[in-house]
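Enquirer: For reference, the structure I am asking about is given below.
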Amino acid sequence: MYPSSRPSWPSSKRNPLWANRSFTMVAVSEAFSHLGNMAQGIVLAAYIYTLSHSVELYGIWLLVRFAPQFLFVFWVGKLVDRYSRRYVTTLIQILLGITSVAMAGCSEHLVVMMLLTLFAGVVELPYQPALLASIPSLVRQEHLPKANGIMSVLSGCARMVGAGLAALGLLTKGIVWLLLFNAGTFFISAIVIWISLPTKNEDRIKQEEVSQEVVSQRRGAGLKGVGIGVSLRYLWQQRTLKFLVLGSTLLWECLSLSDVLLVPILAEATHGGEKTYGIYRFIATMGMAFGSYFSVHWHRKFANDGLLSDGFAVPLLVASLSTIALALWPWTIGYLAYFLLWMAVMLPSNLLTVELQQTPNAIRGQVMTFADAIDGMLFISVMVIIPQWVKFTDEQTLLWMSTIPFLLVAIIWTIRWLSHTRQLGKRVDE
């Protein structure tokens, strides 16, 4: 079962993706999903800290929320590749909607909220790999960078709406109604996904028609059949993919420092400061939207084997400097710094996503899940270790000091990229 190759309305020569009804509906569905996730994540982060007033308990909540990503990595990858991604994504959105309703009914109970957060964290694990792995079934391979860019921009706009609603909910104490609204966005997303995605896990261009480069890579790596071992071996033997995963991991780990410490910093800076977290997250969504918009151009700039992974160097440098500025001046320069931080995170995202989407379809979900798990493992380490260091220093000092290693790596990597670019320029001149 494939979506029709005929456009449902007049196509645009400039961007034919808008003429692809199935892709457009999936992009809108993804935006609705991000709207609900963003609003709910912001509200729960500030609300849990308000209930506990403890950095340690807040860190435990973050751990409960994100730990399943690493713990269930093998199960998630097999699920995405074995079963229909249409069924998987639809069921996940329905379960997330039901969970949001349950959270609204138990919002005063910290333990119950943590258990529901754990359940939601487990349920949503296969969603992103399943959805991204399905995009090649809707668009042609050469359109993947633009398709990812469109989805990211729409999701960025939805996150802005979600963050605005979250900020309003925190300031007006309308958390229950916001959770119910989020449940509605998950249910709408489920309906749209069910209508739009194909049932079979097959690419728009069938496997035998995929570029000879991808096929030769698989044969050269000795990949036969499917399974966890095959997926791990493929990920390990693809040099470009390995460095892209490394760059993404460093960037997200730098971001995780502010994820853990920003709410406590705001709370310590002024009474009730944690309630302004929604404002910061709204600023973050603006940065994500801008970064997503320019991600297509960034991918085009670095889209060759010699430069692809170097596309993470400058964003990591900007993210490190922005995190330090956020720690030192949270109420002044911090607003701009948080915007630049999230823009830097989203700018190179297309580099890794497109490379993952071009992996063999039979193991694509597992490879994507393993790539995410590497981020998740280090992210969990940050969430466990950083809150313990608060006993020895204040949150602001801890944030800027823990960013220094990322800054040093970013400086070295940027110098290496500039040197590499200069060498390529000399070869072209010769």
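Quick reminder: no glycine exception, Cβ is built from N, Cα and C everywhere.
Look at TrEMBL and you will find 55-75, 87-104, 175-197, 243-267, 279-296, 308-329, 335-354, 366-386, 398-418 tagged as transmembrane segment.
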Enquirer: Check the transmembrane segment (308-329) against each of 175-197, 243-267, 335-354, 366-386, 398-418 and return whichever range has the most CB pairs under 8 Å.
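Expert: Comparing 175-197, 243-267, 335-354, 366-386, 398-418: 398-418 has the most Cβ pairs near the transmembrane segment (308-329).
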Enquirer: Take the C-beta pairs under 8 A between the transmembrane segment (398-418) and each of 87-104, 243-267, 279-296. Which stretch has the highest count?
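Expert: Maximum Cβ contact count belongs to 243-267.
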Enquirer: Among 87-104, 175-197, 243-267, 335-354, which stretch has the highest count of C-beta pairs below 8 Å with the transmembrane segment (279-296)?
Expert: 335-354
